[in-house]
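Q: Copied straight from Swiss-Prot:
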- 18-345: domain 'YjeF C-terminal' (DOMAIN)
- 95-121: region 'Disordered' (REGION)
- 96-114: compositional bias 'Low complexity' (COMPBIAS)
- GLY143, ASN196, VAL197, VAL198, GLU199, PHE200, GLY201, ARG202, ASP270: (6S)-NADPHX binding site (BINDING)
- 241-245, 260-269: ATP binding site (BINDING)
Amino acid sequence: MSSESSTGPEMSATTKQMLARVRQMVPPMLEKFHKGQLGRVAVIGGSEDYTGAPYFSAMASARLGADLSHVICTPNAAQVIKTYSPNLMVHPLMRSSPPALSSSDSGSSPSRTKSAPDTDPSQIAAQIIPMLDRLHVLVIGPGLGRDPLMQETCAKVITAAREKGIPMVLDADALLLVTKDPSLIKGYDNAVLTPNVVEFGRLTKALGVDEEVEKAEETAGETAKVEALAKALGGVMVVQKGAKDYLSDGKVTLTVDLKGGLKRSGGQGDTLTGSIATFLGWRRAYLEDLWDHGHKLNKEELIGLAVFGGSAITRECSRLAFAKKGRSLQASDLTDEVHTAFLNLFGEVDAKL
């Protein structure tokens, strides 16, 4: 199955043109840069039951080229994630709800119960929010789970990050927060949502556009669903994943038609969130004029280009990994293909010493 991996990716002329634009926001490798300028990303997620997802997201971000990649998770998850890679900075700042005490445990000593700082979402968030000033991008949701304390803490961090104008990629159970309270991100054009099919349906129902979305594809074409949801969210960028990826903020819609692999193993979406995060970090570097790029891209199009780049990288990783592994493909196989996917799609920007 390796013959296909040796050939280049198949794409339309439009996709090729879009990738050429994305490439303009990829920083060259320059001696003058210092650590942290080309992307400081943090993944908030990771719980006792889910340690792989935040790792895959953070590693995709790092492998693609972010300078610093953090994971903010629970202590139990941190112990595990630290064994996966020494390249990630892992912060055990999140807390899950304490187990409910039975009536026979009501007289338990304080040592058997969690202290107030471990059960108050405001106090937990207060340990995380000061980190935001040192970060460029947040990924929220991989491995988060539905624990109420974790969810409430994330809601407070999202609010603080929005106030600071930090770009955010929301996935998995972070989307449950949006479903319950769309105002968390509604109208925030630095937010990106990456729902799967089920999550997409929940979001449309929560926004009251489920019937509109149901009819949209029949009457207005295949991109109408994602456009309707993005408009309902007030301009938030939404990724509708599928045989093709459709990306829309309700005004501009992009289609990523690169061929991907055929295996749908869990965890591939984590490569997507991490890849988008790195491109969003590069967006900041582009806006800060860290290198001479000629200002050929408009600020308004950079979020879309970043998401396009992340989607393209993920689909190419999937194609390469499937060509090698076939039906045995796992999420970790995509992680191993990130650099090759980047070279296939963008080549390497010339280094200048």
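Each residue, glycine too, has its Cβ placed from N, Cα and C.
Keep in mind the model is a prediction, meaning the values are calculated, not measured.
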Q: Quick one, of the binding-site residues GLY201, GLY261, GLY269, which Cβ has the fewest other Cβ within 10 Å?
A: GLY201
Q: On the 0 to 100 pLDDT scale, where does the domain 'YjeF C-terminal' (18-345) sit on average?
A: 94
Q: Using a 10 Å radius around each Cβ and all protein chains in view, which of these binding-site residues has the most neighbours: GLU199, ASP245, ASP270?
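A: Checking each of GLU199, ASP245, ASP270, the winner is ASP270.
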Q: Hey, how far is ASP270 ((6S)-NADPHX binding site) from LYS241 (ATP binding site), Cα to Cα, in Å?
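A: Counting only the Cα atoms, the answer is 13 Å.
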Q: DSSP three-state call for VAL197 ((6S)-NADPHX binding site): helix, strand or coil?
A: helix
Q: Through the lens of DSSP with three states only, how would you label ASP270 ((6S)-NADPHX binding site)?
A: helix
Q: Secondary structure at ASP245 (ATP binding site) (DSSP, helix/strand/coil)?
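A: Going by the DSSP assignment, ASP245 (ATP binding site) falls within a strand, counted as strand.
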Q: Validating a neighbour-count step here. Other CB atoms within 10 A of the CB of SER265 (ATP binding site): how many?
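A: Other Cβ atoms found within 10 Å: 18.
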